[in-house]
Amino acid sequence: FQMKRDSGYSTMAEQQKQGEKLRDAIRITAWVLGTGLLVFTALVNSLSGYLQNIWDASGHFCQTAWLKFYYLCEGKEWTIFLIGAAVIPALAFWCFNGILMVADVTGKPTFITRYRIQLGKNDPVDTKKLRQAIYTALCNQFCISLPMLVPMFYVLKWWGNSFSKELPTFRWFLVDLSISTLIEEVLFYYTHRLVHLPLLYKHIHKKHHEWTAPIGIVSIYAHPVEHILSNTLPVMTGPMIMGSHIVSIGVWFSLALLTTSISHCGYHLPFLPSPEFHDFHHLKFNQCYGVLGVLDYLHGTDRVFRQSKAYERHKLLLSLTPLSETIPEEPKRAE
């Protein structure tokens, strides 16, 4: 019973069956993602011409601003890298989560709190647990993520174009983000499933799942091993493989941190990506392991989610009416 409660698996036979399914699905995944990448490339080629015109209109301004920043740093690559890959993404993360934490603690502004996904939970958030989450998040950023940037810096220097005075074209910028997104999806999904194995879950991943109703800061509230394996490496690998420009890296890291904060924030806010998918993972533990949901669909690890009200609410909210009101949970049956 303890194993079932902690890991989401009920018997050893089921674990073995899951392992066999995992191996089969990896082969299918490689084929599907390869085909998807070709299709996506074709779409990018057809759309990027139009978007390139928009990019060109502001390109002179962006190029000028980049050169000003470059010369302000006196061309020192480590300084440029540190600001682009660490300072700017960290500011984006803490500014966004700072706003959310005010809502979590005070219940105001109601414009945010009325969009709570798991009603009645974190209302208000336990301040003791919040302080612990902030402390762990800061430790992970400064003691783990920051040192991991050092080898990344030297990999990018080996590529030789990451600190170029010329910005990448819009098309190449899109390619960078697309490849990084695909790599993150694959690496995060499988490392995430790995830490859900009973032994690793008990000693590593259970810390992250202390929050069954997550908040934004919990996105990097994790055991150090998990933070390296599942949080940092999947995001860093794409830019290192691509030899991305530091501007692309700064945008990608910022987007990755903001996206995972939204996924954990506990609020389904208007005009922002839906967090229902990952929120359901924290609620049920053995569903919805990925970021995009593609691999979960292939592996069948989203079946329970697809039968839930959360799946009906898993869409971009384009009105000011909370989806918890328009698509409410079914009333519990009386025993």
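Note: Cβ is positioned from N, Cα and C throughout, glycine not excepted.
A TrEMBL annotation is a machine prediction, not a hand-curated record.
Annotated domain 'Fatty acid hydroxylase' per TrEMBL: 181-301, in sequence order.
Look at TrEMBL and you will find 25-44 (among others) tagged as transmembrane segment.
Summarising the annotation, TrEMBL assigns transmembrane segment to 78-103 (among others).
Taken from TrEMBL, the feature transmembrane segment covers 138-160 (among others).
Long-range contacts of the transmembrane segment (241-262) within the same chain: residues 66, 80-81, 84-85, 88-90, 92-93, 96-97, 100, 156, 159-164, 167-168, 173, 175-177, 179-180, 183-184, 216-217, 219-220, 231, 235, 269, 272-273, 275, 291, each at least 6 residues beyond the stretch ends and with a Cβ under 8 Å from a Cβ of the stretch. The transmembrane segment feature in TrEMBL is assigned to 241-262 (among others).
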The transmembrane segment (78-103): which same-chain residues, six or more beyond its ends, come within Cβ distance under 8 Å?
69-70, 109, 112-113, 125, 130, 141, 145-146, 149, 152-153, 156, 162-163, 215-217, 220, 246-247, 249-250, 253-254, 256-258, 261, 265, 267
